[in-house]
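Q: Let me begin by handing over the structure; questions about it come next.
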Amino acid sequence: MKSNNALIVILGTVTLDAVGIGLVMPVLPGLLRDIVHSDSIASHYGVLLALYALMQFLCAPVLGALSDRFGRRPVLLASLLGATIDYAIMATTPVLWILYAGRIVAGITGATGAVAGAYIADITDGEDRARHFGLMSACFGVGMVAGPVAGGLLGAISLHAPFLAAAVLNGLNLLLGCFLMQESHKGERRPMPLRAFNPVSSFRWARGMTIVAALMTVFFIMQLVGQVPAALWVIFGEDRFRWSATMIGLSLAVFGILHALAQAFVTGPATKRFGEKQAIIAGMAADALGYVLLAFATRGWMAFPIMILLASGGIGMPALQAMLSRQVDDDHQGQLQGSLAALTSLTSITGPLIVTAIYAASASTWNGLAWIVGAALYLVCLPALRRGAWSRATST
């Protein structure tokens, strides 16, 4: 099944899923203030964020493997049903252990990015995959911009309103999938080994595949570097530019919009014109240059033109995903996408800890060091990019 209708449905599902995730983020600290002692809010908030990323790391490979066996549609629908029930319970039961349990369930059901990626690989011809992966990233980005904005507005009415809205949104997403989503991969009714449920073992399938292993290493590094702005943007903006909360929110919205536009309208043409390899290199170069410029920026307005570079750097990841998806057959797309989603979640757990530690250690002397370290990490990708196998994995 290779139709535009299928692509529209899965992109709509990804967008609504991202909005649902973003809806609850602005109110989590406020909700914690209502149910725990004020001195422990920061620690609880950090644990809740880490729990979400940890569950995605543990469950993304499993969901990907399940979708290879049973098909993409039932796994996606089951996850959406679980998310709907989870958000509905959290909206009506303001108890700390329920909040923790809810973030665990949300992390499990939010690991569907792997299945969505496999779905797109199923319905897309090789030459269009980079563009369609870019569209998927753009839709997720749009949802993550719209979700927090809507969550903040609803949170002003009630701290529980965003959770209720997320439940409704996931319910609508479930209905969309039930009536409009077609199966893209019938699956193989073969037994699932126990190692499929081990997130570490889920990477072993790539050990004998030189190209895949090298490209997954590049993927991990790129995702790790991407954690630098995620972890530092707010605190760096406050310390370096003296930005207010309103200004920080505005800058995040602008960056989200620019990133979505680049993913939607630049990735496809750039990949078709220059090839996947050059698109990846160009993305890393733009990102690294943006980091270096931010490290030395002295005025808040300078960050906004630099955002264009950072957004342009986003073209590299969809090109890399497309390249990776062509290295495995259709029956293992879910396993591949699950491994990639697990790597992303792993960087979401470790990246902020590493980046903020560097920032804290250097802030008293020069708070731009973490950006330079992030840019330098791209150099680690060069050995993988120079491998002889790399040239065989690219298309022009």
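The backbone N, Cα and C atoms fix where each Cβ goes, and this holds for glycine too.
Annotation comment: Swiss-Prot describes 1-6, 67-79, 125-138, 182-210, 268-277, 321-339, 386-396 as topological domain 'Cytoplasmic', evidence class a curator's inference. What Swiss-Prot records for 28-45, 232-246, 361-364 is topological domain 'Periplasmic'. Swiss-Prot lists 7-27, 46-66, 80-100, 104-124, 139-159, 161-181, 211-231, 247-267, 278-298, 300-320, 340-360, 365-385 with the feature transmembrane segment, giving a curator's inference as the kind of evidence.
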Q: Taking a Cβ cut-off under 8 Å, which residues six or more beyond the ends of the transmembrane segment (161-181) line up next to it in the same chain?
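A: Result: 5-6, 9-10, 12-13, 16-17, 19-21, 23-24, 26-27, 73, 76-77, 80-81, 83-88, 90-91, 150-151, 154-155.
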Q: Where else in the chain does the transmembrane segment (278-298) make close Cβ contacts, counting only residues six or more beyond its ends and a cut-off under 8 Å?
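A: Distant Cβ neighbours of the transmembrane segment (278-298) are 130, 218, 222, 225, 228, 236, 240-241, 267, 270-271, 306-307, 309-310, 312-317, 319-320, 323, 368-369, 371-372, 374-375, 378, 381, 385, 396.
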Q: Using DSSP, break the topological domain 'Periplasmic' (361-364) down into helix, strand and coil residues and give each count.
A: 2 helix, 0 strand, 2 coil
Q: DSSP-wise, what's the residue breakdown of the topological domain 'Cytoplasmic' (268-277) into helix, strand and coil?
A: 9 helix, 0 strand, 1 coil
Q: Do the transmembrane segment (211-231) and the transmembrane segment (80-100) share at least 3 Cβ pairs under 8 Å, sequence separation 6 or more?
A: no
Q: Please work out the mean pLDDT for the residues of the topological domain 'Cytoplasmic' (1-6).
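A: Average per-residue pLDDT within the topological domain 'Cytoplasmic' (1-6): 63.
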Q: Can we call the transmembrane segment (80-100) and the transmembrane segment (340-360) in contact, meaning three or more C-beta pairs below 8 angstroms at a sequence separation of 6+?
A: no
Q: Who are the chain neighbours of the transmembrane segment (247-267) in space, where the CB to CB distance is under 8 Å and they lie at least 6 residues beyond its ends?
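A: Here the qualifying positions are 130-131, 133-135, 137-139, 141-142, 144-145, 149, 229, 233-234, 237-238, 241, 279, 300, 303-304, 307-308, 310-312, 314-315, 318-319.
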Q: Grab the same-chain neighbours of the transmembrane segment (7-27) for me: Cβ-Cβ under 8 Å, and only residues 6 or more beyond its ends, written as numbers and ranges.
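A: Sequence-remote neighbours of the transmembrane segment (7-27) are 76, 80, 83, 87, 90, 106, 110, 112-113, 116, 119-120, 123-124, 132, 135-136, 139-148, 150-152, 154-155, 159, 162-163, 165-166, 169-170, 172-173, 176-177, 180-182.
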Q: Quick test of the contact rule: Cβ under 8 Å, at least six residues beyond the ends. What residues does that give for the topological domain 'Periplasmic' (361-364)?
A: 239, 370
